[in-house]
Amino acid sequence: MEASLYFLQQVINGLTIGSTYALIAIGYTMVYGIIGMINFAHGEIYMISTYVVFIVIAGLSMLGIDSTAFLIVAALLVAIVVASAHAFAVERVAYRPVRGSKRLIALISAIGMSIFLQNYILLAQGSRDKAIPSLLPGGWQFGGDGFAVNLSYMQVIIFVVTLVSMTVLALFISRSRLGRACRACSQDRGMANLLGINTDLVISMTFVIGAALAAVAGLLLGMYYGVVNPYIGFLAGLKAFTAAVLGGIGSIPGAVLGGLILGVAEALTGAYLSTEYNDVVSFGLLILILLFRPWGILGKPEVEKI
Amino acid sequence: MAMLDVINLTTHYGPIQALDEVSLSVGHGEIVTLVGSNGAGKTTLLMSICGDPKPTRGTIRFENEEIQGLPTSRIMRSGLSVVPEGRRIFTGMTVEENLAMGGYYRDKHEIAESTEYVLALFPRLKERYHQRGGTMSGGEQQMLAIGRALMSRPRLLLLDEPSLGLAPIVIAQIFEIIEKLRDEGTTIFLVEQNAHRALSIADRGYVLEHGRVVLADSGKALLANDEVRRAYLGG
């Protein structure tokens, strides 16, 4: 009984982290689906959003606003706008000029952009950790004899917000005009262009959507961990990228599944082995999937078109 | 004044010259065909009109406006549309969605109207309406590609090898549709390797060899031309 409750607790913790990985992973997978590049600066967009959340909450609190709901919504909206603007600019400045050249060139440009963004925040905000006040302390407890499962309010918020974001995204992709154009572009961008679709605009929108989801993750993880520094984007980005590859890069449901699997795997490793092995397990999973199923769990093997 | 004028068009793929000073015209309400062997530059010419690839030199005038050098998406909104080589339908999307993409920049009402028109033209697509494009036969995919191109109600329709890889009976249907479209007022520019069929329905034709127009005449005259018969019609 105690053992299974302990296990349940780890799964809850894992799904919490996993859903935020999934939110970030969608940005990788959508951009890859549409232009076939890995946007290594995406982790930095998440990091920047977390800073925006910190600044908005700190700023509004100083002005004497103490409504939790207002603080969260304001932080989320500003973070989405700032993150989207950054992603839009990054694509225009660093990716569009090299689009159509070799993949390696776009990759180097992305890595350069990642370094640039990290240093730009370092310069503006310093390298020390900033604390984000915990706005939603507390939670529920289940079970009792020996071990109680904790489900914090923050975890519930993470599940709910992730679920809502995913649903909105799924509806947008399948129903809306622009969402359909996104799918058409990811299947055959040249053809979409031949139908009079402004594919540059569709690509920009893909970056903006990915950034908005990263901003949601920035808010959730910022409040969950309560801390932000200029380096968090690197590891979060790498984890989300792993999640995207695990699920099958280019597939949105794959990114979600990959994120959840990765989150749970890490939580279980931390609980039964040691948290120091978390990254070993994550990247070990990445290596295994690349060796045995490089197209990922839900991806399709790439068929060379003749 | 012709609907489409191509004047001294030269196009390169990297260092390779694919078109060499090609000139041709397509008049209102005509079916004009471009025949030639594999690699003669037929597809390059058709795609150059769409702005992909961009021509190196020369002028393309559509309805009295110069369109060479404009972005492809702009050109394709000006009243012409294309059924490209290999059909290129969106295989992961349904028939309905494929058609909707063809009318992307039009409003809901116009899309509904055009969808009705296309489904009447190709009743087969109606049966497959909610099916994914990739699950359909080659002939159905070709119908979908033509239907998608018609969704923007083009005044000029560019067709690249619509008969490629299809069964004779399906080819006959497709050519019937092409003639029907012309009769309803759509101008057609048809690129074909199936020279016999193409020249039979064409008002005029051009023969392209090594990126140059070597012959231009009425469809009938070209069908009777000895050189054309030898080179493209199997004697």
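Note: Cβ is positioned from N, Cα and C throughout, glycine not excepted.
Remember, TrEMBL labels are computer predictions, not curated facts.
Note that the coordinates shown come from a computational prediction; the quantities given were computed from them, not determined experimentally.
These features come from TrEMBL:
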- A:20-38: transmembrane segment (TRANSMEM)
- A:45-63: transmembrane segment (TRANSMEM)
- A:69-91: transmembrane segment (TRANSMEM)
- A:103-123: transmembrane segment (TRANSMEM)
- A:153-173: transmembrane segment (TRANSMEM)
- A:201-225: transmembrane segment (TRANSMEM)
- A:280-298: transmembrane segment (TRANSMEM)
Quick test of the contact rule: Cβ under 8 Å, at least six residues beyond the ends. What residues does that give for the transmembrane segment (A:201-225)?
16, 20, 23-24, 26-28, 30-31, 34-35, 39, 42, 45-50, 52-54, 72, 75-76, 79-80, 82-84, 86-88, 90-92, 96, 132, 134-136, 154-155, 157-158, 161-162, 165, 169, 172, 178, 181-182, 185, 192, 236
Counting Cβ pairs under 8 Å that are 6 or more apart in sequence, does the total for the transmembrane segment (A:103-123) and the transmembrane segment (A:20-38) reach three or more?
yes
Report, as numbers and ranges, which residues of the same chain sit near the transmembrane segment (A:20-38): CB under 8 Å and 6 or more residues beyond its ends.
45-46, 87, 95, 99, 103, 106-107, 110, 158, 162, 165-166, 169, 182, 185-186, 189, 202-203, 206-207, 209-211, 213-214, 216-217, 220-221, 224, 236-237, 239-241, 243-244, 247, 249-252, 254-260, 262-263
Take the transmembrane segment (A:153-173) and find every residue of the same chain, 6 or more past its ends, with a Cβ under 8 Å from one of its Cβ atoms.
12-13, 15-16, 19-20, 22-23, 26, 134, 136-139, 179-180, 182-183, 209, 213, 216, 220, 223-224, 252, 256
